[in-house]
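Features of the protein shown, as given by TrEMBL:
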- 31-146: domain 'Response regulatory' (DOMAIN)
- D81: 4-aspartylphosphate (MOD_RES)
Amino acid sequence: MAFRTNGMGIYSSTKKIGGEQLKVMESCQLTALIVDDDTMIRMIHRKMLNKVGVKNEAVKNGKEAVEIHRSGQRFDLVLMDWDMPVMNGIEATKTLRSMGINSVIVGVSTHSTRAHIQEFMEAGVDDYLEKPLTSDKLTSIIHMINEQNT
């Protein structure tokens, strides 16, 4: 599933990250949860989200993602890695969906075979993106969420 932007003026300004222009939203404060066991990936994704004005938190496995939701925290977006210790992204996504969590969950992984993507989609993710996550991909996701919330 691909998301397209409609040019409706959702964004207010741009910032440059690594040579790419990122659009910064002003209309609402979105929240995101990064779920990845790789410290560097968590750091990169947090930096990208911060640059576009998305408040975010990060956890290192699916169990922590489930626990943070059980504590009552909610997020507009969950960036979910596939392969993690303790609880992987498939199980975490299934658990979150069974809890009634309606956040946009995007599977983000290096696993890119059709079977892997299909398994992630069947678990309940809304979309799948191959690592590395780029600013263009992130901007597209944020724009889609913003459109859903308006």
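Just so it is clear, glycine is given a Cβ too, placed from its N, Cα and C backbone atoms.
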For the domain 'Response regulatory' (31-146), mean pLDDT (0 to 100): 94
Other CB atoms within 10 A, centred on the residue listed as '4-aspartylphosphate': 26
For D81 (4-aspartylphosphate), the three-state class that DSSP assigns: coil
The domain 'Response regulatory' (31-146), counted residue by residue under DSSP: helix, strand, coil: 54 helix, 24 strand, 38 coil
